[in-house]
Amino acid sequence: MTKDKNSPGLKKKSQSVDINAPGFNPLAGAGKQTPQASKPPAPKTPIIEEEQNNAANTQKHPSRRSELKRFYTIDTGQKKTLDKKDGRRMSFQKPKGTIEYTVESRDSLNSIALKFDTTPNELVQLNKLFSRAVVTGQVLYVPDPEYVSSVESSPSLSPVSPLSPTSSEAEFDKTTNPDVHPTEATPSSTFTGIRPARVVSSTSEEEEAFTEKFLKINCKYITSGKGTVSGVLLVTPNNIMFDPHKNDPLVQENGCEEYGIMCPMEEVMSAAMYKEILDSKIKESLPIDIDQLSGRDFCHSKKMTGSNTEEIDSRIRDAGNDSASTAPRSTEESLSEDVFTESELSPIREELVSSDELRQDKSSGASSESVQTVNQAEVESLTVKSESTGTPGHLRSDTEHSTNEVGTLCHKTDLNNLEMAIKEDQIADNFQGISGPKEDSTSIKGNSDQDSFLHENSLHQEESQKENMPCGETAEFKQKQSVNKGKQGKEQNQDSQTEAEELRKLWKTHTMQQTKQQRENIQQVSQKEAKHKITSADGHIESSALLKEKQRHRLHKFLCLRVGKPMRKTFVSQASATMQQYAQRDKKHEYWFAVPQERTDHLYAFFIQWSPEIYAEDTGEYTREPGFIVVKKIEESETIEDSSNQAAAREWEVVSVAEYHRRIDALNTEELRTLCRRLQITTREDINSKQVATVKADLESESFRPNLSDPSELLLPDQIEKLTKHLPPRTIGYPWTLVYGTGKHGTSLKTLYRTMTGLDTPVLMVIKDSDGQVFGALASEPLKVSDGFYGTGETFVFTFCPEFEVFKWTGDNMFFIKGDMDSLAFGGGGGEFALWLDGDLYHGRSHSCKTFGNRTLSKKEDFFIQDIEIWAFE
């Protein structure tokens, strides 16, 4: 009875409990029931326990909701993990030297990289992309084309990976800054190394042929008759491509369609590096001032004329400027492919000043003095080597110390005098460095090369100063120079100023004497050179042009690429590019590029790296894998193409495997023939060749005499034979059928179109004008009325006025045939037609056009038609 009575009560209680009710208070209910728990009646005990359980459950639900609320509002425990994410997000900020670019609908990573003159890999690195896929509206960081890297961006770092200077700089910051925790210093320094401005490092450029697997070279494309265009040559294991600069004057004038070319690597038959161009036509179009390879390359070579002493002084003054002014230039030149490897720079660094000395200078706070120390140390080392009068060791050290002090005082007083003194000192030291033992150890052919040797040494000295300058110290020097101009002078005492002034005067008088002697020597050399080379009043112009020619050969080499078929143009459609390749199939496929001298070794190493083995492992068969083989001199074929001058001008050449074996076979055959001729041995091949030649001469005339359905009133038999040799192969063997003739069908263009109905062969139109001249055109399709031009590259025009001449398709455009009810035209471009006829077939006109590159076919541009014949091949 107790259970039956209590069970409905429990159900009623459980139904009345509402957790979400606003007036429900489980604590109050529990407080009311607690005194009843001590009462003796047993039947009420289950009800009290149930109420207590309900109260306990209701207390758990609010705590669960609070945990959810705490989870979504982030408490201190969750902030630790999310702080890491936020820090990671905040660390990816906009890199220096970049701008934001919003991806458009038709953009891809390759097209964006091409638009901003970079590579897809660099965009992936800059934006930390996980794939190469981009979506419309995505914001990417791209290199800013107008950004000029400052001194703070190190020229020895690349955006791809932090190099050894970065890590050493980070370690250096750890040791010199004890207040900064090491774990905080390392990521910040590494981040600045990974995300600098878009600067190509010297080391990464040296290694890009082996790590990046492509070469990107600023060069000039030397065309045949269309000028010389600057651009970028991209060499990969699969393709070779030249992309012209859009700011080039010829590109702006003619468009980039003429100059953008590419070809697969397997089409390259040979790649050779020459000291000079062998093709006379291309050599004539080569500008003399090609030494200006790009806007930044070799920016000071243009100033050199050789015999002008003032220009020599200005060049050496430029080379002797302080590092604060030359640091931005070194950064720019690292962009323009000036390459110095770490192995090349390390002996210079050891010779100039040790890293311990630099660290000591930097840790003492004299960053400006350390920068001056690098320049002055080089000055001192060169001066000590070249000095004929011995300088004591203590004087050298005092002089070095004093010049450093002079460098720190130059911002306070007597600024102009001190700057002039430092420049003059550096001019003198440059002269001394050249006139010392280095001049004796370097092989100089005659006195005429002394001026060029002086220029090379000054350039190399300037480059070594720029490359050896630690970027961190240069940046710190620039900052302290701009901020603490007044403080540096106050730090020096009066005694050091007096000592520095005395030593500066002593040093100036000593070096100016040697400067004067060196100037006199240079003037004597230039006068001797002028006497030998100048024979007229224009001698100065000739000598300067000759010096420019020497500079060009010294600064550039010429890359010649010979390919199996013409390179495809990249800025035209696929159909147009294919048709242009077909049009140029009979031409010589050579492409010349002016390449900086320091990049020639990179090209050679790149071609050699991707060369396969000559033979397979087990069998004696040749491998079909594409690659290149170095051509040795004993393996070169003595053909007409390979003259002695060409062999002398060529530095190296690599050829494809197929070309290599072709040359070997040609060499063996030629040597065998030469031996037989010398021994007067008649071979079976000679006998057969003579017999075949006579048989061919007899058969040629018969094979090129087609059968005509009607006798021609305009063409003679020999003219028919000449025309037959140039007809498309699909017409050979078919008889000639006269489908239209003015004497048979009348003079009407509409009648001409009607006679063409149902034909499916090329047609040959022969015209005779009132002057008795015979000319015409071959149409690849039957003539018809069309809305636009039609036809293929088989179309050509010809003339027998005064001699037989055929003008085939040049590939410039595809304006082959155009038919209207009122006119018929062949060729086009520039508003002119190669051949134009009116609707009455009475009046005609001929003019040169781009489609065929023809001259005027008739004797006069305007002519009157006397007779027309049209032949089909069926």
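Each Cβ is built from the backbone N, Cα and C atoms, and glycine gets one as well.
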Record feature phosphoserine (Swiss-Prot), assigned residue among SER66, SER91, SER363: SER91
Selected residue, Swiss-Prot feature phosphoserine, from candidates SER201, SER343, SER644: SER201
Annotated phosphoserine residue, as Swiss-Prot has it, among SER156, SER202, SER370, SER709: SER202
Of SER294, SER573, SER712, which does Swiss-Prot mark as phosphoserine? SER294
Swiss-Prot annotates one residue of SER14, SER204, SER354, SER846 as phosphoserine; which residue is it? SER204
Mean predicted confidence [pLDDT] for the domain 'LysM' (99-142): 90
Report the same-chain neighbours of THR119 (phosphothreonine): residues 6+ apart in sequence with Cβ closer than 8 Å to its Cβ, ordered by sequence. ALA113, PHE214, LYS216
